[in-house]
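> Take this structure, written in structure tokens, and hold onto it; I'll ask about it next.
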Amino acid sequence: MRVQRMFLPAVLLIWSIVVFIPFYLVVTMSLKSPMDLQFSPLSWPSSLQFANYWKAWTQANLGHSFMNSILITATSVILIVILSSMAAYPLARRTEKWSAMLYVYFLAGIMVPFQLAMIPLYKLLKALHLIGEYTGAIMIYSAMGISFAVFLYVSFFKTVPREIEESAQIDGCGPLRLFWVILFPLIKPITSTVVIINSLFIWNDFFIPMLFLQNKAMRNVPLSLFTFTSEYTNNWMLIFAAVVIGSLPLILLFILLQKHFIQGIASGAVKG
Amino acid sequence: MINRTKMSITVCCLALLIVLAGCGGGGNNTAGEEASQGAASTQGAESSQGAASSQGTEAQVILKQYIINNANMNLEEINRRFEEKYPNIKIEYEGAPIDQFVTVIKTKLASGDAPDIFTIGAGTAKDPFVNAGYLLDLSDQPWVSRLTPGALRSATTNGKVYGLPRSQNVIGVIYNKKLFKDLGLEVPTDWEAFLQTAQKLKDAGLIPIGMGLKDQFVTQLVPYAMAPSAIYRDNIDFDQQMAEGKQTFVGSQWEQMMKDYVDLDKQGYINKGALGTSNDQILQLMSAGKIAMTVSLNAMVPALKAANPEADWGMFPLPYVKKGEPIWVSAGPALFAGGYSKTKYPDEVKKYLDFVASQESMKLILDTVQGFSAFTDVTPNLDSALMEIEPSLKTGAYAFLDQNWPATVQPEMLVGIQGVFAGGAIPDMLDKMDKAYNAGTKK
Amino acid sequence: MAGSICALHLRRGSMKRIGFDGVFLMPAFMVFTLFLVFPVISSFYYSMTDWNGLSSSMEFIGLDNFQRMFQDKAVWSGLKNTFIIALLVTVFQNGIGLLLALGLQGTGRINRFMRVWFLFPALLSPLAIGYIWSYMYNPLFGVINSILEFIGLSDWTQDWLGDKKLAIYSVIFAIIWQWVAFSMIIYVAGLQSIPRDMYEASNIDGAGALSRFKHITFPLIAPAFTVNMVVTMIVGLKLFDIVFVMTNGGPGGATENLALMLYRQAFSLNQMGYANAIAILMFAIILIFSLIQVTLLRRREVEY
């Protein structure tokens, strides 16, 4: 019995350490001087170089990249949530063949190797005049995110009892209202999961902005990191300072989501 | 509860509105930009047809430039000077991470939407681009006559020049002069002496040779440095014979070269765990004085200097020769860029490349990248370490080997060398390189 | 049938009655089809050509690329690496992810903090991850070897990324390190959707922790389990970024999976046609495996 009780905390402790060591490396490297990094790459910095953060911020024009990253990530994620949750609802409720087929169709989107689709995609965006437009990148991210989000939403809509909808319909509630007012709030934890996972991916991706936005003014945060790289050597101190700065908005987002969304459920909303 | 749900609906609607507004706004922007670009192009055409005297300020030409990230090339300064000289041309520079550059440029070219000026590889690396008709013919440019013969060769395909060379890169042994002095070591001039030097360094508790073989590009540096003396000094036509199918890697000097390369590791002269160590880490250990030598490119010298300004570095040719024989050096030009054949502004592109080729700009570039000149009339200020190896370039030099191979060989070799260090057989590796060579020449 | 349950009521009734399934499905369907399915399908055409990725001309060569693929030893070794990565990532990421979720399902401050903490590795860009792990794994002065030496296990020190046999497992560990929180939050979402009363009832019964998990918790998080298993497997099968930055397939191809291989074929070996044939192989494998998985797991879900 005691072993059982200690098991989970032990796992948590071990994994905390596994996460901590690289975290320590990131933070200490961001605070080192070049000489420090040469002579003792793994130890605590001999003097804390907070100036690295300022340098990273100004040299890579991070303020500007931040706005771009936020714009792209927020719009894409909102689109993904709206489009996928709506699409998932009928897919979860209908039992006909077309529903199953459409479900697999959406699911297949997670499976395709995307790297090679770049050339046709580029031609498509060019034809639509979306090269060098935020809209282009946002549409690609949305299309990529929909698969997984639909998959997640379908699985969880199935756990929502049908009685809830039936009683709402008797009250004369239209389907769109029914969906947004009654059902959507019930699956908040899933929405927060979809938001977290997609923002992680979109926030950290630099390939799509690099290929489709191709304009210094439209750079996002990860693309700005490359300011500090060159053919043979990279300025790791500034890269890590920028990495730390760049991850702050996401950390903030997670904390907020944890607080508002997940707590909302625990306080009994599910009893419906 | 109801309030909250109402609020979330409002939020969603707002969000949707923002999205739609964003789309609309974006669309307008495109239209605007295109209109202005279109106008610029017609005006540009007019003014180049007529006299360039009138309204130089209005005919704005924008050249898109896409170059592999070389943080220290001073390119922004050069572009600034160019724009100052030609106020009607604007350079839109965008740097690319080296790992993704090829992917991006190929996608753009295949989609018919390429930048006007972009980085291209030297030697055969540019051939697929030439054959697909994507590169601007630069043979008639005034700077062509100023190129060194080696640089001219690497910028040429099928008798035409397609790229502006940037610098001449050299592979050699970079060493810590202080450590050599402390141990009373001389610069070795034959292989026997080189091995003895390594042994003495090892006995002194140092790592004699640092190699970060986890990074694939590092694996080739030693054989590249060996081959000019081992193969090309006595048989300059080796590559020609390869192309004619009279020669193979299997059975050539490559077997002994690879054996001697691996022996360096077996004798414990190369750092332990070289396959799990990156070039960055070698740079750090070296500037911290724990490694005495590394076989690398001249670009490593400014990097080491930046990492540890107090240390004293030197560079000598890898003496893969018997006592008394002349040492040949591996020296290959790197290209700055080529022009897009379908650019709307070929004249402006040429004007720009000509500006970069000027003595003044080239010297600025070379001083910053610390590379040797690809032009006969440009002499950069080089670090003392590089001046040390400079005389050897005159003894004899051969280009980086991949510049004369089909593009398929180098990737196979990089993987193969790692494989040999991980315990694979040398003949297998060479056999794969032969096959890759044949596959590459087929089309 | 679909529309008959409930028609669309619009206050300013200018719109005709539309089956609401269509309204719900159409936007996602269109974006998805236009920006993902269409480009991917069109790239599949290249698999039947000898296109090099650059030239304007290409020849139609039928199924030659596929024939070549099945004779290519490198493809088989890539396939093997792909399966090893996918299998181990699926098993361990789900196992550890579920344990972490069980430990952190509560809503208290500490639980919330820890969940964000575990997400930290997922926040890092691949560039940073490659660098950090080269320090973790470095054979000369890396963190892992230093720790092993410190606790007196110097015999266990290894060249984690340079050893041909070990490298793939070192990479897998880093993958799990980065993405385990991804599985964790899906499990947490599943656990939090379990009605409280279910738990409370079982607490009163005094069921043991293990049997409670087996009989109550696990069946109820079946949807989360399905999603996680399928997604980690798919992601494991097509993994690219982290392998690329950590080993780039090395040493000597020991960690090269299909995703890396097709990228190399397409962009450094100028074999766009062949690369697309490999891409189709990869897609087919993923499709088959996930359909099997979905069918099996869904059957479980229905039972309860």
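Note: Cβ is positioned from N, Cα and C throughout, glycine not excepted.
Pulled from TrEMBL, these are the listed features:
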- A:7-27: transmembrane segment (TRANSMEM)
- A:66-257: domain 'ABC transmembrane type-1' (DOMAIN)
- A:70-91: transmembrane segment (TRANSMEM)
- A:103-122: transmembrane segment (TRANSMEM)
- A:134-157: transmembrane segment (TRANSMEM)
- A:178-203: transmembrane segment (TRANSMEM)
- A:236-257: transmembrane segment (TRANSMEM)
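How about a rundown of where these features are and what they're close to?
Here the transmembrane segment (A:7-27) has Cβ contacts under 8 Å with residues 42, 240, 243-244 of the same chain, all six or more residues outside its ends.
Beyond its flanks by at least six residues, the transmembrane segment (A:103-122) meets 87, 91, 131, 140, 143-144, 146-148, 150-151, 154, 211-212 of its own chain at Cβ-Cβ distances under 8 Å.
Residues of the same chain lying 6 or more positions beyond the ends of the transmembrane segment (A:178-203) and with a Cβ under 8 Å from any Cβ of it are 69, 72-73, 76-77, 80-81, 84-86, 89, 141, 144-145, 148-149, 152-153, 156-157, 160, 164-165, 168-169, 220-222, 246, 249-250, 253-254, 257-258, 261-262, 264-265, 269-270, 272.
Counting residues 6+ beyond its ends, the transmembrane segment (A:236-257) has Cβ neighbours under 8 Å at 26-27, 29-34, 37, 49, 52-53, 55-57, 59-60, 62, 66, 69-70, 192, 195-196, 199-200, 203, 221-222, 224-225, 228-229 in the same chain.
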